[in-house]
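Feature annotations, courtesy of TrEMBL:
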| type | residues | note |
| --- | --- | --- |
| TRANSMEM | 148-174 | transmembrane segment |
| TRANSMEM | 194-213 | transmembrane segment |
| TRANSMEM | 220-241 | transmembrane segment |
| TRANSMEM | 247-265 | transmembrane segment |
| TRANSMEM | 286-306 | transmembrane segment |
| TRANSMEM | 326-348 | transmembrane segment |
| TRANSMEM | 369-389 | transmembrane segment |
| TRANSMEM | 434-455 | transmembrane segment |
| TRANSMEM | 461-483 | transmembrane segment |
């Protein structure tokens, strides 16, 4: 009945059952085909991603150092402006980045499947690092890519217009009145940075596309070149040309456009950037899923802002201690974030092909890696915390308060790692609704705790509130994986897809070989 069987060229294992040139299911693959282990794929994706994620904070740190030499007023002005820019960017850009990664990975898998099983295509595909590669010399035409870039351009233009026209209003909301010495330089700095908003959104969307392609090395190169440009231009414009804080803003904005140009230029070699047909765009899916993640991101921002606000009410020393602990707490999460985004790309690709065995393998692998990295970070931070905080301050009273937060910063690392990774798992199976609604509930509970605990327990109450926040996020992720009715049903059913030798008999009996069989 089967006219042709495609063999994996190196091992001779069958690629899949082909009926008159048609592959029946990509989940129906022999064990030998999965020659790239999950841990290797995660490592290949996560390491460049972690380095890439560290570049932007490092560049911002250097920017702060350069601006700091201009004087305290310029430093404070830039700090307020950057905070406004980051809040607006995070609110809109993070949802687009997350949705893009999943949609592109799914689109690539579906595109590969449709090409391979079409009647007119020859099955010349071969697996390389668990990816389908085609010798066709044509760029991929993926609606998800064009949609993401067009949405990014629209969102970026909206952000730029809002921050440029409303710079004064945003500063007033942050407590910077027109009479303040910070108002004029802050407004000028924010207005110039606002011009870079389209580049920032396009850059993040393009990075999401590359993640969907399981490519984290290209974004690392492009972001690295962009940040290097900023490091070179900033002292030249700010000091040599005497532009001060204005020069710093111009340098950063210029580097953002350079990064975006390099990313889009690199992407244009792989995929069609502009859509040939408007009707193929996926605006509805992006807007629906992005809207859900927008509410989720807003819940996170509100909860973290309440924590910072309650710490500020305890006085300058408590606020300073909280800020130091929080920066360390967030900085060490880069590895967990990198693991999460890598898992998201791998799972989205396999899930779209109904390769649940691979999804299960990646899921358990990344959870183990996250837990291990969290434990290692906890031990390292606990041992080195006393010396580490001295890099931030030499004040004895402040050091005493900060060192009291060692348990908060160190012991929560395994919890944080798993919480971040569960986010990647949710996004990988496009479970955006659960991710959003669960975060709303978690944020509400944590916010109520944060509003009342500090008045009784001081700064420790703030740290307990943030610990509760991350613990509930982790618990929500565990619960979802245990639900038989959710997208992770196959973890409970222990399903597998039968291979080609059983597909023949199933087809003869009129059964669908794509249906899961319980074991």
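Quick reminder: no glycine exception, Cβ is built from N, Cα and C everywhere.
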At a Cβ cut-off of 8 Å, and with pairs 6 or more apart in sequence only, do we get at least 3 pairs between the transmembrane segment (194-213) and the transmembrane segment (326-348), yes or no? yes
When counting C-beta pairs under 8 angstroms to the transmembrane segment (286-306), the leading stretch of 148-174, 220-241, 247-265, 326-348, 434-455 is 434-455
Should anything in the same chain at least six residues away from the transmembrane segment (326-348) have a Cβ under 8 Å from its Cβ atoms, list it; otherwise answer none. 38, 41-42, 45-47, 49-50, 53-54, 57, 98, 101-102, 105-106, 109, 211-212, 214, 216, 308, 358-359, 362-363, 366, 369-370, 373-374, 377, 381, 385, 388-389, 392, 408-409, 412-413, 416-417, 420-421, 423-425, 427-430, 466
